[in-house]
Amino acid sequence: MDHAEENEILAATQRYYVERPIFSHPVLQERLHTKDKVPDSIADKLKQAFTCTPKKIRNIIYMFLPITKWLPAYKFKEYVLGDLVSGISTGVLQLPQGLAFAMLAAVPPIFGLYSSFYPVIMYCFLGTSRHISIGPFAVISLMIGGVAVRLVPDDIVIPGGVNATNGTEARDALRVKVAMSVTLLSGIIQFCLGVCRFGFVAIYLTEPLVRGFTTAAAVHVFTSMLKYLFGVKTKRYSGIFSVVYSTVAVLQNVKNLNVCSLGVGLMVFGLLLGGKEFNERFKEKLPAPIPLEFFAVVMGTGISAGFNLKESYNVDVVGTLPLGLLPPANPDTSLFHLVYVDAIAIAIVGFSVTISMAKTLANKHGYQVDGNQELIALGLCNSIGSLFQTFSISCSLSRSLVQEGTGGKTQLAGCLASLMILLVILATGFLFESLPQAVLSAIVIVNLKGMFMQFSDLPFFWRTSKIELTIWLTTFVSSLFLGLDYGLITAVIIALLTVIYRTQSPSYKVLGKLPETDVYIDIDAYEEVKEIPGIKIFQINAPIYYANSDLYSNALKRKTGVNPAVIMGARRKAMRKYAKEVGNANMANATVVKADAEVDGEDATKPEEEDGEVKYPPIVIKSTFPEEMQRFMPPGDNVHTVILDFTQVNFIDSVGVKTLAGIVKEYGDVGIYVYLAGCSAQVVNDLTRNRFFENPALWELLFHSIHDAVLGSQLREALAEQEASAPPSQEDLEPNATPATPEA
């Protein structure tokens, strides 16, 4: 069989033939029978809600304590090795990040270790993701540090501070108190949102928004770390233009940089960059990524202790790491009114980052995460953790990739990582007291590489979507210069405005028919597509509501070229001209009405006398005109039907319904029918609820599809032509005749 025969057979088998009636809405409803649905009464719903069965109790436990579902099904032989390797790899990364992110949060380093321990244990019981790593995250830590520095600035005067050391300790204690308060409030917000099933709020933080926000946060983190890398003493700034002030402060003090601190930092920086490139290039051959950050911490601590860098070269180090866990403490709730804006921003950003990474890894491994339960889990981790003096946590992107990439199967890997942190807190913390802050600064800056790579989004969005590019840029700029809290608020407002813009300014298309098919496509896109004579098909790809209803009406007239007002005016002008030509001045005042009015024959133009004044009845303008009048007709005057394609309209509000009713009436006044094609059940309900079908005859305007509407229009016109061409009956010729009396 040659290719020509194959193509013939393929073409024959790819055709379909359907024979059915033209489905207007009434005809289709006659063929359908609605299923009887008996709605549950309120009493039945309450009874069902408060009914207690073993299965229901089990499902509730599974929902709020996911560990009770996956732990009994734990496949020990398959999972234990992967969880063990993953836990160790994540733990050695979590140690330096916990210390470094505490610097971002403007609290002593030990509190970064607390935040790497308590929340991880709680998330193991409460979280639905098996792979993400919970704990300190650079962006959230920076936001915590921003509010802590705003309320407790570097130059604050602490009453009772005898010397600089005591003053610094008192200042740090106040910042810890602020961090605990904002962490508690953000946790309460997350928990309440989860209980109220508001997990969907993450959808308002679109990917361009999140990526623009995290890129701006990366710039904030980078500028915050420069002072530690250069070893200079500068004031820490927060709020509007803080990134500018921080950069200027570092540059002004660059002449005072600590060469030893910079040298150690650059050495670690180069080691980490080269090592990460090695890990990436040979990741298929390595059983696990080399824990570069841990080696950097060990090496930096060893060099600092061996050469006594703190005393000999005045290098800033981590300092005291007290052993043991602190007893629970009550956060200061009196600060809530000062930090609620920051708490809301931290709660939303923390959840958005967490659910984004959780869904990515869940899709990769074939399971689902519950956004509402993730909110509850984060809320409890933060609110309960604040009692143990932790600061707000989230999902760490870099640690999550390590935990998943090294073979982690469940959150037992996270538990093992937290136990390693506990070992440092209880026994070995003093070993890291000589660690230079420049090493931690280099670790943080290197881990920002992935966020800085998001600048490559700009050419991508430039090619694909200017609106998403606008969201990215406005989010980045506002978050960079207004601060992360107000920047996020601005970004969300901009994102919502783009939604309004998209629906207010949708694309409008005039459709034509692909010959010998029932397919209707944009006539401006393809040469083969042709308009059907006398019919205009108009499509919108958005809902019709108060923000775009007038624009829709205007676009309909502009795109189709059929404007009822223009047609009416042209007809009046033509009639006046025609009246003058036939010498009948009174006809110039005649009224033009729709074509299907019930006026026929000579009586249609026969004058009547009333109170001595001669009046003419309305003149009927049909689809054909004398040649003398046709010269004055506008281009759209030969159109008899406008079909509105509603297949892409998902709702229409009361303002849209009024606009639609006005369109139907306006076109009807000049003898043009308006059909609605492809209305969804929701749109039909909206039209019914807003009394669009108050006149039952309007149901005849609804058609199941564009093709049904086209065929219905053509059938109507054919019947009208047949009726017009039929010879008049005897009764029409002799309207006053009386029927003959039959003979007896």
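For all residues, glycine too, the Cβ spot is worked out from N, Cα and C.
Database features, via Swiss-Prot:
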INTRAMEM  242-253  intramembrane segment
REGION    505-718  region 'Extended region for STAS domain'
REGION    718-744  region 'Disordered'
SITE      SER398  site 'Controls the electromotile activity'
SITE      ARG399  site 'Contributes to anion binding'
TOPO_DOM  152-168  topological domain 'Extracellular'
TOPO_DOM  231-241  topological domain 'Extracellular'
TOPO_DOM  254-258  topological domain 'Extracellular'
TOPO_DOM  308-332  topological domain 'Extracellular'
TOPO_DOM  389-396  topological domain 'Extracellular'
TOPO_DOM  433-436  topological domain 'Extracellular'
Run through the topological domain 'Extracellular' (254-258) and tell me, per DSSP, how many residues are helix, strand and coil.
3 helix, 0 strand, 2 coil
Going by C-beta under 8 A and a gap of 6 or more residues, the same-chain neighbours of ARG399 (site 'Contributes to anion binding') are THR90, LEU93, GLN94, GLN97, SER133, GLY135
The number of other Cβ atoms within 10 Å of the Cβ of SER398 (site 'Controls the electromotile activity'), counted over all protein chains shown, is 20
Using a Cβ cut-off under 8 Å, which residues of the same chain at least 6 positions beyond either end of the intramembrane segment (242-253) come close to it?
146, 219-220, 223-224, 226-227, 230, 232-236, 480-481, 483
Residue numbers, six or more beyond the limits of the topological domain 'Extracellular' (308-332), whose CB comes under 8 Å of its CB atoms:
99, 108-110, 113-114, 177-178, 180-181, 183-184, 228, 231, 258, 260-261, 264, 386-389, 424-427, 429-430, 432-438, 440
Residues sitting near the topological domain 'Extracellular' (231-241): Cβ under 8 Å, six or more positions beyond its termini, same chain?
106, 145-147, 149-150, 153-155, 224, 249-250, 253-254, 256-258, 260-262, 314-316, 438, 481-483, 486
Limited to the topological domain 'Extracellular' (254-258), I'd like the whole-number average of pLDDT.
90
Outside the topological domain 'Extracellular' (389-396), six or more residues from its ends: residues with CB under 8 Å to it
97, 102, 105, 107, 111-112, 114-115, 118-119, 132-137, 139-141, 143-144, 176, 179-180, 182-183, 186-187, 326, 329, 346, 349-351, 353-354, 357-358, 378, 381-382
Kindly report the helix/strand/coil residue split of the topological domain 'Extracellular' (231-241) according to DSSP, in that order.
0 helix, 0 strand, 11 coil
Who are the chain neighbours of the topological domain 'Extracellular' (433-436) in space, where the CB to CB distance is under 8 Å and they lie at least 6 residues beyond its ends?
99, 261, 264-265, 297, 300-301, 304-305, 309-310, 315-321
Residues of the parent chain within Cβ reach of the topological domain 'Extracellular' (254-258), under 8 Å, 6 or more residues beyond its termini:
230-233, 313-316
